[in-house]
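Engineer: Dropping the structure in here first, questions after.
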Amino acid sequence: MPDTSSPAPAPSTRSLRLGVAGPVGTGKSSLIATICRAMAGELQIGVITNDIYTDEDARFLRSAGVLPEERIRAVETGACPHTAIRDDVTTNLLAVEDLEADFAPLDLVLVESGGDNLTATFSPALVDAQIFVLDVAGGGDVARKGGPGIARADLLVINKIDLAPYVEVDVEQMVADAVEAREGGPVLALSRKQQDTVEKLCVWVRGLVASHRSGQHVPQDPGPMAPHFHADEDGGYVHTHGEEDAVHHQH
Ligand SMILES: Nc1nc2c(ncn2[C@@H]2O[C@H](COP(=O)(O)OP(=O)(O)OP(=O)(O)O)[C@@H](O)[C@H]2O)c(=O)[nH]1
């Protein structure tokens, strides 16, 4: 009799949606450009960028010439970037679905969050997996600060390691701290200027696309953001994202 206790997962025919989040300037757009440059020959890729008021990141990626321009689309979030990737993902989801429909079949859609604070993560309603990006220039101790992205993103990238000697950061120590904060989860030390590290990034992306396609990959929610402060004309407010009740505002 066939074993029906653990049915084989159903293969997926839609693209892998991969989010890229992290603080301002850590190299999210550059990492996306690097993936496109290295993998556009083997994967059909599309990109959605998020900026508050502009389409600057999309323009940067188009000018990098790493993908046909029409496969790079911008979402203007008009609010804090994490709102559009976590609280109400509708605009992003529609943009992803339009891109997938217009260029079917795509293998990979990369969604870049606007730069935000250390605690911003994507909702699993928008992406299947996410990369959280730190850089050595932000300081060697950042990985120890934890938070949902650092602790539980599918991959933590410690970026711009070519700059480590100039900012006096011990990359090995930073990686070790990150592995500890992630309880052994994957950490990649990356520089777009060091091809061996770019290769490792490609191996990770390739593995994830394959496991998504075969139906083995199960999207994980890194968890809600920590409470944080938003400045506004009245002085500001604390903003909390709870597990069930998505958003609370306290003035
Ligand atoms: N030395 C070095 N510089 C890098 C690397 N990756 C990115 N940069 C630089 O870091 C700066 C910020 O990179 P971006 O890719 O724009 O960063 P971002 O996270 O997309 O920025 P926001 O969208 O504004 O949050 C740029 O000047 C990049 O050229 C790297 O591996 N090494």
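Note that Cβ sites are derived from N, Cα and C of the backbone, with glycine treated the same way.
Bear in mind that TrEMBL entries carry predicted annotations, made automatically and left uncurated.
Sharing the record's features from TrEMBL:
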- 1-21: region 'Disordered' (REGION)
- 1-13: compositional bias 'Low complexity' (COMPBIAS)
- 19-186: domain 'CobW/HypB/UreG nucleotide-binding' (DOMAIN)
- G22, P23, V24, G25, T26, G27, K28, S29: GTP binding site (BINDING)
- 226-251: region 'Disordered' (REGION)
- 240-251: compositional bias 'Basic and acidic residues' (COMPBIAS)
Engineer: Note down the number of other Cβ atoms within 10 Å of the Cβ of G27 (GTP binding site), including every protein chain shown.
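Structural biologist: I get 21 for this one.
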Engineer: Scan P23, G27, S29 for binding-site residues whose C-beta lands under 6 Å from an atom of ligand 1 and note them, or write none.
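Structural biologist: G27, S29, by Cβ distance under 6 Å.
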Engineer: Taking 8 Å from the centroid of the Cβ atoms of G22, P23, V24, G25, T26, G27, K28, S29 as the cut-off, which other residues in that chain fall inside it around the GTP site?
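Structural biologist: Other same-chain residues near the GTP site: G115, V133, D135, N159.
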Engineer: Using Cβ atoms only, which residues of the same chain lie under 8 Å from S29 (GTP binding site) while being at least 6 residues apart in sequence?
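Structural biologist: In sequence order, the residues whose Cβ lies under 8 Å from that of S29 (GTP binding site) (at least 6 apart) are T49, D57, F60, L61, E112.
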Engineer: Which one of the binding-site residues (P23, G25, K28) has its C-beta surrounded by the most other C-beta atoms within 10 angstroms?
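Structural biologist: When each Cβ's neighbours within 10 Å are tallied, K28 tops the list.
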Engineer: Kindly assign S29 (GTP binding site) to one of the three DSSP-derived states: helix, strand or coil.
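Structural biologist: The three-state answer is helix.
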Engineer: Which ones in the same chain are close to T26 (GTP binding site), with CB under 8 Å and 6+ residues apart in sequence?
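Structural biologist: Expected: G115, V133, L134, D135, G138, N159, K160.
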Engineer: Looking only at the domain 'CobW/HypB/UreG nucleotide-binding' (19-186), what is the model's average confidence as pLDDT?
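Structural biologist: 92, rounded to a whole number.
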Engineer: Counting other CB atoms within 10 A of each CB, which of the binding-site residues G22, V24 comes out lowest?
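Structural biologist: Each of the binding-site residues G22, V24 was scored by Cβ atoms within 10 Å; lowest is V24.
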